[in-house]
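> TrEMBL feature annotations, pasted as is:
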- 112-293: domain 'Malic enzyme N-terminal' (DOMAIN)
- Tyr135: active site, proton donor (ACT_SITE)
- Arg188, Asn443, Asn487: (S)-malate binding site (BINDING)
- Lys206: active site, proton acceptor (ACT_SITE)
- Glu278, Asp279, Asp302: divalent metal cation binding site (BINDING)
- 303-556: domain 'Malic enzyme NAD-binding' (DOMAIN)
Amino acid sequence: MRIIIVLSRSRGVPVLTRRLFPKSPSFIIHRTFNDSNGGLIMPGQLRGYDHLREPRLNKGLAFTLEERQSLGIHGLLPAQIRTLDEQLELCRLAFSRYKEDLHKYVYMVELHDRNEKLFFRLLTEDIERMMPIVYTPTVGLACQKFGFIFRRSVGLFVTINDRGHVYEVLKNWPEMDVRAIVVTDGERILGLGDLGAQGMGIPVGKLALYTALAGVKPHQCLPVVIDVGTNNEEFLQDPLYIGLKQKRVRGEEYDALIDEFMAAVVKRYGQNTLIQFEDFGNKNAFKFLDRYRNSYCTFNDDIQGTAAIVVAGLMASQKIVGRSMSEHKFLFLGAGEAAIGIADLLVRAMESDGIPEDQAQEKIWMFDKQGLLAKEREEGELEGHKIRYAKDKCPTKDFLEVVKKVQPSVLIGASAAAGAFNKDVLRTMADCNERPIIFALSNPTAMAECTAQEAYDFTDGRCLFASGSPFPPVEFNGKTFVTGQGNNAYVFPGVALGVIASGIHHISDDIFLKAAEVVANKVSEEDLSKGLLYPPLSSIKQCSIEIAVGVLEYAYQKGIASRYPEPEDKLALIKSHQYSFCYERSLPATWRWPQNHCKPQGTVKDPCLNDS
């Protein structure tokens, strides 16, 4: 009896099968190119059928006749041969026929699962239509319904039960060349709360934008969920929930798991592997940023990425209001990780203008669930970073009263308190300022502190408005305002590309200040006249490249780059790290040898062949 063991991989997952044949024993192993080759296609390991089953290789009906015949897949596809542009048109048509955003999200997931190049080409060329689907706001709904729409596992799930074996779990990921990881524990997904393991949609969506907007190669990206349970009672009772059905683990055991994960990443992929923290609870977000920022190549997008995009919008607004950053007075609704991160970077920006840190902090006021951040208040702890912005004022829980007394020029919402910027608050802002600046940043759209229409209506059309999720254009007194979305996607993909290209080991806040300057400089006078404080989404790819180049220049200027020698053409280096969005030839390269090497050196007769 002969036993043939065929070992293959389907999207990196080992598959073992046995076949019985009535002959002598033998052992056969088949491997596909995806077997830890860092995305490098190795023709000697490929079968023709792999080109149809592997999303990185599959071109659908774009395989040429020569490729179909040479690969042995002729007849396995219909006769029609299409170009990539024709495929894109059909994808746009199919996408537009779905009426619900969740269905569009599922369509995009399924497209990615069958044809990676086509997915990213569609996403990057139609970014204004596609980004609200694969990212905010639809990704929030997708996370809530993740158990229902779950079809195939994506990313890596590390649970609290894996303590002591995290490195072994990480080794199961088939890629050797991971450069960027986005990790969440699902405790605070957007403004939706604790979604546990179903928060995987966030790392997946973020990394899709790494590729679509900055060209980070997909095989270099790893989405991770740290599953320590959930306190979401609905999920604990839901048979479709995909994670651990237990209350969330906290304390030393939780901290030890994160420590082990960070060490395992370095052991597996190296010290300069970028680790982006996403949607952790407020206390954990700041704790881990403070703990790891000088030991690992890491940043927290909710703290630093959000801060950069808000500061970019404020820098752009200076062209209209004619004020420097230090001449503003800022009032925040919300004092969580996003708000504190914005405030800290604002202080850094004012310091770069020559304002001492304590004076910069005095210009920032904060109001949370327990009221004004006041040193004497009895409710609500002022732990950690909050204490920097606590004032020697009488505590109050009346937000409108604070707006009237402080008279801020900038109002920033990061509270997930829908409608908190009501008519009275907005009217007061308009009374205090010729051009009030209103940032309603909470995601998703339903959690925004006010709508764009409300902001313009109640400030007599004089406000400068930006939001975290997209709003449609606003009509006021016969004029149309295009509302700007303060989207972190302007920042984090470019930062990531620059960090990967330079080999930076630690990411400082100055890098995010540099990114904010790049985004602000991309805002034209025409954009500002329309009401935009950010460049159009259509320019976001170029924005990402310029941020990456800026990060590279900063890294070599400060001596923190680890790739030597320093390149003379930094743009060329950045482009060399980028993904190609075009189909590549599926057949191995061929070439001719010099004629004298090809001449027969005599003939050897095969005894198994007769003379005829």
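Even glycines carry a Cβ here, placed using N, Cα and C.
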> What Cα-Cα separation, expressed in whole Å, is found between Asn487 ((S)-malate binding site) and Tyr135 (active site, proton donor)?
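Counting only the Cα atoms, the answer is 10 Å.
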> Going by Cα-Cα distance, which of the recorded positions (Tyr135, Arg188, Glu278, Asp302, Asn443) sits nearest to Lys206 (active site, proton acceptor)?
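Nearest listed residue in space: Tyr135.
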> Tell me, roughly as an integer, the mean pLDDT over the domain 'Malic enzyme N-terminal' (112-293).
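PLDDT averaged over the stretch: 95.
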> Please tell me which one of the recorded positions listed here (Tyr135, Glu278, Asp279, Asp302) sits closest to Arg188 ((S)-malate binding site), measuring Cα to Cα?
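Sorting the recorded positions by distance from Arg188 ((S)-malate binding site), the top entry is Asp279.
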> For Asp302 (divalent metal cation binding site), just count the other CB atoms lying within 10 A of its CB, please.
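Its Cβ has 25 other Cβ atoms within 10 Å.
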> Record lists Arg188, Asn443, Asn487 as binding (S)-malate; longest Cα-Cα distance in Å?
18
> CB neighbours of Asn443 ((S)-malate binding site) within 10 A?
24
> When you tally the Cβ atoms that lie within 10 Å of each candidate's Cβ, which of the recorded positions (Arg188, Lys206) has the highest tally?
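Selected residue: Lys206.
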> Out of the binding-site residues Glu278, Asp279, Asp302, Asn443, give me the one sitting nearest to the residue listed as 'active site, proton donor' by CA distance.
Asn443
> Taking the Cβ of Asp279 (divalent metal cation binding site) as centre, how many other Cβ atoms lie within 10 Å?
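That number is 26.
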> Just counting, how many other CB atoms are there within 10 A of the CB of Tyr135 (active site, proton donor)?
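Around Tyr135 (active site, proton donor), other Cβ atoms within 10 Å: 25.
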> In the same chain, which residues outside the set Glu278, Asp279, Asp302 have their CB within 8 A of the centroid of the CB atoms that define the divalent metal cation site?
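These residues sit around the divalent metal cation site: Thr184, Arg188, Ile189, Ile202, Phe277, Phe280, Ala285, Asn300, Asp301.
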> Just jot down the residues in the same chain as Glu278 (divalent metal cation binding site), at least 6 apart in sequence, with C-beta under 8 A of its C-beta; none if empty.
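Set apart from Glu278 (divalent metal cation binding site) by at least 6 residues yet with Cβ under 8 Å, we have Val182, Val183, Thr184, Ile202, Pro203, Lys206, Asn300, Asp301, Asp302.
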> Using a 10 Å radius around its CB, how many other CB atoms surround Asn487 ((S)-malate binding site)?
26
